[in-house]
Amino acid sequence: MTQSIAMALHGGAGVLMPGVLTPDDEQAIHAALLQALKAGVDVLEQGGSSLDAVQASVVELEECPWFNAGKGAVFTHKGDHELDAAIMNGANLEAGAVAGVHHVRNPICGARAVLEHSEHVLLAGEGADLFLSEQPDLEHVSNDWYDTPLRRRQWAAQQQQPETVLLEPGGVEKKFGTVGAVALDRQGHVAAATSTGGITNKRYGRVGDSPLIGLGTWADDRSAAISATGHGEFFMRTVVAHNIASRIRLVGSSLADACEQVVQGELKDLGGNGGVVAVTPSGETVLSFNTPGMYRAWRDAEGGLHTAIYAEDDRLHAV
Ligand code: ASP
């Protein structure tokens, strides 16, 4: 018996309030979110796996300069880009991740290569770059390929004001632009993927939650698939993704309650800003965040495709 599909994605959470973005920017972001959602939903509708679907959506978001992943990744302190990504298959708990890589055009494809072609889960830095360079199917770019004028301006501003964290269009206050996707396929399997440039001006090989399995990314058919976005140091200490999944599997919480308890409870109590997208094998879909906004998109149970930026936002698109 085939079952229904589900999909949700994010493009980062943060201080996204009406007025920060121009109407043209908003329009461009809605269009980019919709395109990424469609890429994943197309895979699912054709009977493809949730793993392929989340990868397809994240590739679209990595290619879009609006988001802090792939093209448009933020700058490190020394002025280059270090990319992190992870992907996980809920059917068998296989996972692959890369951290601090410099040349793979689509870091999520690098994470998938680790999952499929290595005996490891997470490869980092130079070793990861070497492994990825040996993979015949991956495209490689020079590190400045990820540059965008916006990120360069944010980096320059950050160096004037080291106490602020600038990761998003608008250039003020704390905003984040990591991307991620979760999906349920017709076979009943869930998957999750997350990709990021991390935080602007990061140094010393800083790695956040995104590529860490169970923190920024988790998928398990016994509970849910989860992709997180926000201030990684807080997500790491509250083990956000696996924390949500454990409440479902061990305590019997609904996905909505589990997300609420972690995102609005533990995470927020510690001072962590951000959110998650999540789906269960029964098709429950939750997008939860404790920030004024989160770039996001989802497919509803009737097949309607939605995109949103601000908390109260919900734009339904004709299919
Ligand atoms: N979680 C990411 C990190 O800390 C940032 C983000 O989600 O925007 O690297």
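Here the Cβ of each residue, glycine as well, is placed from N, Cα and C on the backbone.
Taken from TrEMBL as is:
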ACT_SITE  Thr178  active site, nucleophile
BINDING   Arg206, Val207, Gly208, Asp209, Thr229, Gly230, His231, Gly232  substrate binding site
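When the binding-site residues Arg206, Val207, Gly230 are checked against ligand 1, Gly230 have a Cβ within less than 6 Å of one of its atoms. The Cβ neighbour count for Gly230 (substrate binding site), using a 10 Å radius over every protein chain in view, is 30. Counting only the Cα atoms, the space from Gly232 (substrate binding site) to Thr178 (active site, nucleophile) is about 10 angstrom. When every Cα pair among Arg206, Val207, Gly208, Asp209, Thr229, Gly230, His231, Gly232 is compared, the largest distance found for this substrate site is 16 Å. Under the DSSP three-state reduction, Gly232 (substrate binding site) is assigned to helix. In the shown protein chains, 31 other C-beta atoms lie within 10 A of the C-beta of Asp209 (substrate binding site). Val207 (substrate binding site) sits 13 Å from the residue listed as 'active site, nucleophile', counting Cα to Cα. In the three-state DSSP classification, the residue listed as 'active site, nucleophile' falls within coil.
Only Thr229, Gly230, of the binding-site residues Arg206, Gly208, Thr229, Gly230, have a C-alpha within 10 angstroms of the C-alpha of Thr178 (active site, nucleophile).
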